[in-house]
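According to TrEMBL, the domain 'Nudix hydrolase' annotation covers 203-330.
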Amino acid sequence: MPAFCRFCRDSFPLVLIMAAIYQAAYRRAALFCRSHSTYVKKMRYLNKLKEDDSLCRQAQTSGTFYLFHNLSPFLRKVEEKYLIPQLSAAEMKRILEKFKETEQWIEKSVLIGCSDEHVPHFALDLGALERSVIEAELKGSFTDLRKALFVVDEDSSSLLASAQALLRWHDSHQYCSKTGQPTQKNVAGSKRVCHASGITYYPQMSPVVIILVSDGSRCLLARQPSFPQGMYTALSGFCDIGEAVEETARREVAEEVGLEVESLWYSASQHWPFPSSCLMIACHALVRGQQLEISMNSLELEEARWFGLEEVMEGLKREPKSAKQDNGNFLPWFPPKQAIAHQLINEWVKQQTS
């Protein structure tokens with residue numbers, strides 16, 4: 001057999017392996033492109049709805065609606081799970097007819113997203129209608145948002161938080177801060193306009209830095225008087241005008257516990273609706289080894305202390321109900337997994353155990 005043919009015969013399995021690798025890579029790339037294309041189309045569709053009142057008004061006739069009552073979301077318990085019902089436009093019309101209200105009520109809704117199939121999602125607050133009648137009709141209940149966020153899944157909690165924040169913003173921005181004249185929202189609720197002054201107002205979030213402080217082997221957690229009993233969390237504070245995230249983190253740690261940050265690194269971010277619409281910017285901070293004594297600001301904190309790894313791991317397992325002891329005191333417990341503080345604490349544990 002010629003040398004060339006022997007080479008082809010010997011290398012044939014390798015050729016098949018390489019071809020399989022290339023095919024797999026191509027399939028992954030194609031899948032990514034399709035996913036990316038779906039995302040781009042979805043975002044552009046949402047942008048059109050925000051800018052085109054006629055298109056958005058038409059979308060309200062085929063969209064789904066999440067209900068609120070005085071900013072409390074509507075939930076329905078199915079077995080042991082809490083779900084957020086999505087009402088069709090026809091169901092919304094039926095509910096409004098029951099109260100002898102017109103379909104124009106639907107224009108009070110705000111756009112909060114859409115599905116991959118371009119079914120738009122809206123949030124609508126029915127606070128002016130009888131709460132008990134709606135609950136009986138739809139077989140569910142309006143629940144305080146703080147409670148709702150911790151009984152629904154992670155995706156649903158994010159949707160509820162952003163929907164309530166947008167509804168709250170519209171409720172508190174009905175008049176122009178310059179002229180005092182009423183402002184009008186566009187159909188999607190992405191802005192409000194004062195026609196007297198020509199000023200356009202857009203929903204905004206306040207940046208808040210949340211910092212998990214560590215000395216290398218312990219982490220620092222604190223609580224405010226308003227917290228549920230036994231709950232500790234990371235330090236946090238609003239950014240002052242003109243401050244960078246790093247400056248806010250260093251200032252807050254110095255102000256609240258009297259420690260100086262030596263190094264700082266970013267973890268993640270999260271929208272959080274309390275006390276109003278906030279962007280939580282989560283960071284880890286390492287403080288100077290020679291200066292570890294806590295000097296707590298009692299005007300802001302009720303308690304602040306160092307926690308060791310074992311105590312933190314036990315606190316992560318503990319639920320609020322199981323934190324209460326027979327003597328009436330509470331063992332430490334931490335924010336649930338939906339809160340970004342929980343993620344910071346989990347990351348610290350992984351760093352310590354790796």
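Yeah, the Cβs are placed from backbone N, Cα and C, and that goes for glycine too.
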Helix, strand and coil residues within the domain 'Nudix hydrolase' (203-330) as assigned by DSSP: 25 helix, 49 strand, 54 coil
Confidence summary (mean pLDDT) of the domain 'Nudix hydrolase' (203-330): 93
